[in-house]
Amino acid sequence: MSSAMAVKTAMEGQKVLIISTDPAHSLGDALGCELSAGGQDRLKASPPMAVRAFWVRAWSFWAALLSSAAQKQAGPGACWEVFLVALALSGNGFGVLGEVAGNMEFASQMILGMDNSWQQATTSTALHSAGLMGFGQVLGLGDTGVKADGCAFFDPAAFVPFESVSSTHRKLAGYFSSGGDTSDGPDGHGTHIAGAMVGQLADAEAQTLGVSKNLGIAPAARLVVVDVEKSSAPGEYKVPHNAIEASYLDIFRNADAKVVCSPWSYDVNSELEQRIDTYVWNHPDFLPIFPSGNGIATTREGSQAQSPCSAKNVLCVGASYNARSMYEEQPSFVHTALRFGSREVPALPALFGATAPVGGKAACEAVVEDCALFKAACPECAFQPGRLAAAEAVPLRAADPEDACQPLSGFPVGHVCLVQRGGCDFLTKAKHCSDAGAMGVVIVNGLSSAMVVMTGDAALIAQYGLTLPVVLVSNADGEQLHLADTVTFPIISGTVGPQARAPYSRHGALSHPGRLKPELVVPGDGIASAAASQVCGFRQMSGTSQSCGIAAGVASLAREYLSEWADEGQARLPEVWASTLRAALVGSAELDRATVTAASTVMLPEVGYGLPVLASLLPMPAGPGLVAIQSWADSSVAQRFCLAIRPGVGAGSLSATLAWTDPPASDGSLVHDLDLQLACDVQTWAQNLGNGGASADRVNTVEKISLLGFDSFSSGLCIASITANGVSAMSPQPFSLVVAGPFVLSQCEAQVRPPNCVQGVAEQSASGWRCRCFPPYLGPFCDQDAMTLELQSDEAEASIQKLRAWQWTFFSAPVPCAGDYSLVIDAPSGSLQMHLAWGHLHTSGSGLEQREGITFDLREDGSTTIIQMQITEAAFGLAHAATLGLQWRDRSGESSISLQFSSVVSSCGAEKGLASEDPLPVALAVGLAVALILAAIASFVCWRLFRGRPKVSPPGASPDMEAAEGNHVNHAEAKAQPVEGFAGAGELYAMEVDTAKAMQRFQDTVRDALQQRQGDGGIVGQVLKQLPMQDFIDLFNTLPPGSDEIVALTEVLEKVKENFDRIIIDTAPTGHAVRLLSYPDFLERLAERVARLRERFGWLSGSKGPDQVRSFQFRMIELQELFTDPERSSFCVVTIPTNLALEETKRLLKQLEEQDINCGLVIANRILDMDQVSQAAASQQKTQEAALALLDALAKKEGLEVVRVPYMDRELQGIYGLQYLGQSLVEA
C-alpha cells in the first residue's frame, strides 16, 4: 500500500523516497522490478523523449554482493574475462524501468549527443530522437547467454529461436549454443551486455509503465546469441578457440550478424589472433569487437591488452569512466579528492560522518576491499551527493596534539583539523576535532602505512552522530598541506571523466612496438542494464565487457547511418566494410583536449584514439559533412581525394581516418602498409602524416589526422592521399577513408594558393588554381600516365579496365592516319565523368574538347557511350592520338568498364581495318628502326633539356606543338638545399645530381617508347614487329660517354636557373667534361639528320608532329650558344701542381679553345706551405688509413688482393723510375 501511495504521489510530480526496513517485504516485487542494481535506475523525463516526469529513488539497507575478478576457465589457454559487478541488491537500486536508466543514461548521452554540457563539440540533436536506433541491424554476442524472457527481450508473439534463425522475433534473431546452453548464468553477464546493446521494452509494457521503451544503444537492432557457458558450471567459458571459424564466427555471419561483441579473452593466444585476422580478411564486412581485459588497478604488471583484442583486424576497446554527472550523483571513496589552491590530491572519505554510505555501512564494508582494488564504480559505498564539498574553502589548522587522540587545545572554531595518523582509531580523532568546532578532518597517513578506508564501531558511530567530513590523504600529500591556506573536500577527482581510462582497463605495449591497442575507450564503469535474476530487473556492472557491448551498439548505428541515412553523394555506401566502421568510430573519437592541446596528437597509449562521440561525427539531419570512401590501393600510384572546405556543414568532428583489413600473418605483423597524408592550401600545403608522427606509421592498420580549427576557414582545398608500400597491382589492398568536418568531395581546384604540380605548373582560372601538365603527364597533379588503347576491329573483344573510387584514369588512343574512328565505353550509368581531347589533356576537366579539324560526336544508349571521332589531315599533322580521362564517381569498391576503339573509315587505304601487313624488305626495316632509335635519343634528351626554356621557333613551327611542350619542371628528382652554417650576405644552396639514376630513367623511358611503338598500328608497328627489338634496346646500355652527365644536367638546370644569380656546375674529370661540352653539337647534327628522314617519310613521325625535331634542333643550337657565350658562361679549370696534371690541363685548354668555350680561370689546388707540411702529412695519413680500411673490407668481400705501394717523394718518369715502381709492386 505504501508503495502504491508513493508511486501515485511521484506521478503527481513530487520527489519521493521509499524506504523499506522490513526484510520480509519485497519492495522490488511491489514496484514490479528488481532493486538489485548497484546503480541509479531512475525514471526521469529525458527532454528529447517527452516522457512524463517520473523519478523514483529507492534507498534501502540490505546486504550487498560483489562478484569481481571472476575467472572463467575454458580448458587449455585459460579463456577468461574479469568482470566487475556492483550488484548491491538494494543499495541505490532501481525503481521502475525508465528511459534514462534503460539506455544507460550517462554513457548514451556522451556517445549519442543527449547531453551537451560535457562536450561542446556535439552540435547535432540526439541520434535516438532523430530516429537512428539500429533499424535493420543484427548484432552478435558470444557470452554466458541471455535471459530471453526478460522484459528487455521478450516477444509474446514469437518463440525464442533456439538453434535457428528468426526473422519475426522482435529482439532475438537467433539463439545458439557453442559449449553453453539456452539460458544465462547466475551472474547475468550476458544479459547485462545484451541489454546495453539492443535492450528494448515491448510496446505494451512500455505503455503500461508510461516510459520510453528504448534501453540499449541500438534499441531497434536485433541480436544473435552464441552461449558459451553452461548455467550449471558458471565461470567456465567453452569458447571453441580451435574451431573459432565454423563453431563460432560462422554462426553469427550465417544469421546476418555483421558486428559481434565477444566479451572474453586470453592472456596470450597468437594462433587465435591469426585465425580471426584471416576470417576478417576473407569476410571484409564482418567486424569482431573484443575487450582489452580487466586488471587490478594498483599494478601495471601484465597490463597489456589481451588476446584476441591485440589482433590487427579487430576493434579493441578499453573501458573509460562514465560521465562525471554519474559520480556526482553516486559519490563514493573510489573517486574522491581534496583540493587546495590549484592542486588536487586523492582523499579517501570515511564510512562515517558526512560521507557515511546511504545504503548502510555493512553493505559498503562487504565490497569495499574489491572496490578499492579495482577502483570501479562502487554504489554500495555512495554517500549523499549533497555532502560533496561539505568543507569548501575552509582554513586549515594542525591539531594539538597532532594525532588528536586527546581533546584539542586552542583549536579555532570553523577550521579544518589537520591530524596525523596513529595513536588511536579514526573515529576518536574525528570526535575530538568535531568537539573542538572543526568543519572537517584531514588525516595524514603514516609514512609506511597503507592507505585504508576509514570506518569504526557501528554503535559508537551512532552514538557520536558525527556530521563533518573526514578524509585520509597520503603522507607525501599531507606534507604539502602545511602550505595550504584553505581546503575543499570531498570532491570528485578531476581525473574522472569519460575520456579517461578506467583504472582497471588493460592497455600497454604489445609484441609489435608502436601498435595501439585498445584503439578506443568506451564507457564501461557503472553501466546500468538488464539483470538476469528477475523478469524485469536491472543492475549496475563495470568492466571492459560492458565497453565491448556498448561499442557494438555504436558500430551498428554507424552502419545503419552509412547504409541508409548518409548523403548519397558523399558518404552513403551499398555495403559497409568492417574497416569503414573502424575508421568511423576512430574518426569520431576524441581525446581530452583540455590536457591534449596539440592538434597533431591523435592517440595516447592509455586511451587509444579516445572516446567515440558518434553524434559529433554524423550530420543530423543527414547531409554533407561526412565523406566515406571504400576502395583499393597499390604501389603503382597514390589514391588522392580532393576535399573542398564548405563552412557550416558537418556535425562537429574534424578528422580524416584511414583503416584497412590487412592480410593475415603468422606473427601478426603488417603485410600491406598504407599511409595517410593530408595537405591543405590553407596550411600552405604542409604535409600532415597519419597518427601525427614525424614519420609514417608502420605498425597500425588505422591512421588518423586531426583537423582541429578547420571549421574556421571560409574556403579552401584539402588533399587526402593514400599510398601503398610494397603492394602489387595484381593484389591491391582494400581500404576505407572517412573524413568528418566541413568538407565535400570535389574536383581538385585550390582556392587559397597554387597546388604542387608534380610534372606541370599551376594556373589560375575563375574557379580556382589547377595544374597544367607537361606532356606526357596527366591528372589533377600531373603525376599520371595514360594506358594505350589498341586500335581494334569491330569484332575484336573489348578491353576491360578497372576504375577506382573518385580516381582519374587516362587512356591514349593513337591512330595511324586521318579518318573516322569509334570509341565505345560501357560503364555504370550516371557515375562516370569523362574528359576527351585530341592530343594532350593539359588540365583536368570534363566534356569533349572540340578543336579545329576534329569532330567528336557523343551518343548514349543506357550504360553505353559511343563517341565518333573525325580526324582531318591537318589535325593528324598536329597530334596522332586522342587522350581520354575517366573518373568513376562512386565511392565504394571499383568499377569494371569495357573500352573498344576501332576504325570506321581512314586515309590509310582501307576501311574497317589497318594498313597493309605485307612484309617489308629487311634492309629497309633495319634502316627505319635505326632512324627511330636515333629519333628517340634526340627527342628525349632535347625534350629534357629544353622543356623549361623560352621557345625558339623555326619558321612555320606550330603554336599547338609548342603549347604541348609546356614549361616542364621535374620537382621530384633533385632539390636545392640551403647550406647550413653559411654566414655571408647572400644565400648559398647546393644540389647533388645522381647521374646514374638520371641515365637509368632515360634508358627506361626510351625502351618503353620503342616497345610501345612496336605495338602501334601502321607501317611503324610493322617495321618494329619484324626486328629483334631486344638487340636494339640493348644499345642503350652502352650509350656514348658523357650521355649520363648531359641527361642528369638537363633534369635540373632549368628548374633552378630562374631562382639564382649564379649557377656553378661541378663536372666530371677532363675527358668527360670535354664530351659533355661537345654533346649539344652532336645532338644538333643528329637531330638534323632525323628531321630530314621524318620530313621525307611522314609515316615515321610517330606520336609527335613532324616539326618537333626541327624545334629540338634549334634548341640544341641555343644550348651550344649558351656554352660559347662569354657573357653568360665561363669555364674554370681546376688542377694540381704535378706534371701529369699540367699536361692534362694543357690538353683541356686547347680543346676548349677549339670549341670556342671561354676559360677565364685556372685554380691550382693542394699547394703546400712549408709550415704546414708535418700537419698536412699527419692529416693525410689519417685519411689514408680510413680509406684503406674500407678498401680492405671491399677486397675481402669481392675476393681481391690489395697491394700497397709506398708514397714517392717525386713523380716517377723514365725507364728507371718505372723499374723502381715495378720492384716496389713485386715486393708489396
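Using the three backbone atoms N, Cα and C, a Cβ is placed for every residue, glycine included.
In this view, Asp143 (active site, charge relay system) is surrounded by 30 other Cβ atoms within 10 Å of its Cβ, with every protein chain counted. Summarising the annotation, TrEMBL assigns active site, charge relay system to Asp143 (among others).
As annotated by TrEMBL, active site, charge relay system applies to His189 (among others). Take the CB of His189 (active site, charge relay system) and look out to 10 A: across all protein chains shown you find 30 other CB atoms.
Annotated active site, charge relay system per TrEMBL: Ser545 (among others), in sequence order.
For 1-36 (among others), the entry in TrEMBL reads domain 'ArsA/GET3 Anion-transporting ATPase-like'.
Per TrEMBL, the feature domain 'Peptidase S8/S53' maps to 136-596.
As annotated by TrEMBL, domain 'PA' applies to 399-481. Across the residues of the domain 'PA' (399-481), the predicted structure has a mean pLDDT of 95.
The feature domain 'ArsA/GET3 Anion-transporting ATPase-like' is assigned by TrEMBL to 987-1226 (among others).
Sequence annotations record features per position, and here TrEMBL assigns transmembrane segment to 922-946.
A distance of 9 Å separates the Cα atom of Ser545 (active site, charge relay system) from that of His189 (active site, charge relay system). The two recorded residues, Asp143 (active site, charge relay system) and His189 (active site, charge relay system), show a Cα separation of 8 Å. A sphere of 10 angstroms centred on the C-beta of Ser545 (active site, charge relay system) encloses 32 other C-beta atoms.
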